[in-house]
Amino acid sequence: MGADAIQTNGGDPAKLTVVEGIKRLRCAVKNYEWGKLGHESLVARLHEANSGNRVDPAVPHAELWMGTHESGPSHVVKEEELGSGHCGSDCMVTLKSWVSDNPDVLGSRAVDKWGCDLPFLFKVLSVTKALSIQAHPNKALAEKLHREEPLLYRDANRKPEIALAITPFQALCGFVSLKELKEVIANVPEIPELVGSKAADQIFTVNEKDGEESVKSVVRLIFTQLMSATNNETKRVISEMKMRLITETNHRELSEKEKLVLELEKQYPGDVGVISAFFFNYVKLNPGEALYLDADQPHAYISGDCVECMAASDNVVRAGLTPKHRDVQTLCSMLTYKLGYPEILKGFPLTPYITRYLPPFDEFEVDHCDLPTGKSTIFPAIPGPSVYLVIEGTGKLQTGSSQLLVNRGDVLFVPAHNEIQVTGESDVIKLYRAGVSSRFFQTL
């Protein structure tokens with residue numbers, strides 16, 4: 001069901017009208033092979049509700065895209081179609097085209113900074129199989145990659161991001177601490193076998209007191225050697241590792257990381273990403289916890305459902321756990337090699353029902369709202385654009401003198417300077433909002 005715009009002051013209260021500037025969106029879905037199948041996928045259920053299209057149970061539904069990026073643009077439903085339930089391509093324009101024609105909806109500060117476009121891309125992910133070992137380039141590298149290989153790197157933008165768990169969510173993220181990395185090299189004999197003992201043993205010659213750059217240099221050497229190993233050698237060594245771990249289950253409990261590595265080997269047999277997983281932090285997010293990633297940080301999402309928000313880019317440099325194009329040299333040279341466990345955001349209360357997640361990036365922030373029946377809460381007006389997504393329940397969004405009835409799968413674009421009041425109509429309405437970082441507007 002769509003979002004019906006209902007006039008509430010004067011006249012017939014059931015008459016369909018239009019809330020000025022707020023637009024209902026039809027959003028793109030990505031059927032990457034790592035996505036959950038059919039109705040097991042939250043992405044599939046939301047896309048079915050958003051578009052009216054039936055879900056094919058045999059097709060993976062991996063990502064729902066909400067934004068202006070050309071690789072998966074959202075479309076604005078024309079005002080006269082609101083509530084009709086019938087809207088083909090002839091009654092929609094792209095959100096990018098619409099905001100370009102109506103730049104005031106973005107707010108002057110956002111336009112001055114990013115031009116007539118959304119600076120963020122909002123997504124839902126449903127992951128059943130590990131994504132690639134990857135990183136996203138910084139602005140300078142993105143411009144270079146886009147200039148040199150525009151078919152692989154589709155835009156010239158950087159891509160920091162945040163992943164906010166809807167269900168229990170697992171990921172690999174960033175390099176483990178120096179102490180843990182020494183334990184890995186000592187206890188996973190296949191790594192020295194693959195990179196050579198001369199390179200591997202260098203990890204035991206450095207300590208924190210030697211300085212961050214000295215430590216990073218050694219980690220860079222070992223990791224690059226690992227990722228650059230030949231396919232035949234990699235497959236042989238991973239096979240040896242698999243047999244060793246299976247044998248060791250007879251007399252000891254494997255660690256969580258070892259169990260994960262065996263699972264990754266089932267998904268990507270003989271892939272160098274399997275053994276490289278030992279280098280990364282194994283992060284398990286509970287629902288409501290978030291992980292944020294700056295440019296040049298290695299990561300791989302493993303399983304679960306999340307909302308994701310990022311700078312408006314689709315640039316990915318991959319080097320493992322993927323059948324797609326790999327650019328090992330670029331990935332190994334671009335990483336920061338920062339060691340240690342990543343910061344986990346639990347958000348802070350904006351109201352009793354709204355939690356805000358504010359990573360250290362100008363382009364975006366994310367709010368999560370859980371609202372019981374009959375309760376109301378307010379999203380304050382901000383000087384930039386927002387995108388709202390309803391993932392469960394029914395409610396009313398009110399701005400000024402008008403209301404929008406919203407249901408699961410509704411995605412709404414809300415222009416700058418609109419205060420939004422939400423009222424729960426079902427047991428609980430669950431929704432997310434992505435917008436330009438409020439921290440950005442607090443700076444001069």
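Just so you know, glycine gets a Cβ as well, placed from its N, Cα and C.
Features reported for this protein in TrEMBL:
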ACT_SITE  Arg318  active site
BINDING   Gln134, His136, Glu161, His299  Zn(2+) binding site
DOMAIN    23-175  domain 'Phosphomannose isomerase type I catalytic'
DOMAIN    194-279  domain 'Phosphomannose isomerase type I helical insertion'
DOMAIN    358-401  domain 'Phosphomannose isomerase type I C-terminal'
Just how many other Cβ atoms lie inside 10 Å of the Cβ on His136 (Zn(2+) binding site)?
25
Where DSSP helix means H, G or I and strand means E or B, what are the helix, strand and coil counts for the domain 'Phosphomannose isomerase type I helical insertion' (194-279)?
68 helix, 0 strand, 18 coil
Specify the count of other C-beta atoms within 10 Å of the C-beta of His299 (Zn(2+) binding site).
23
Which residues, same chain and not among Gln134, His136, Glu161, His299, have a CB within 8 angstroms of the centroid of the CB atoms at the recorded Zn(2+) site?
Ala135, Lys159, Leu293, Gln297, Pro298, Val316
If you measure from the CA of the residue listed as 'active site' out to 10 Å, which binding-site residues from the list Gln134, His136, Glu161 are inside that radius?
Gln134, His136
What number of additional C-beta atoms lies within 10 angstroms of the C-beta atom of Glu161 (Zn(2+) binding site)?
24
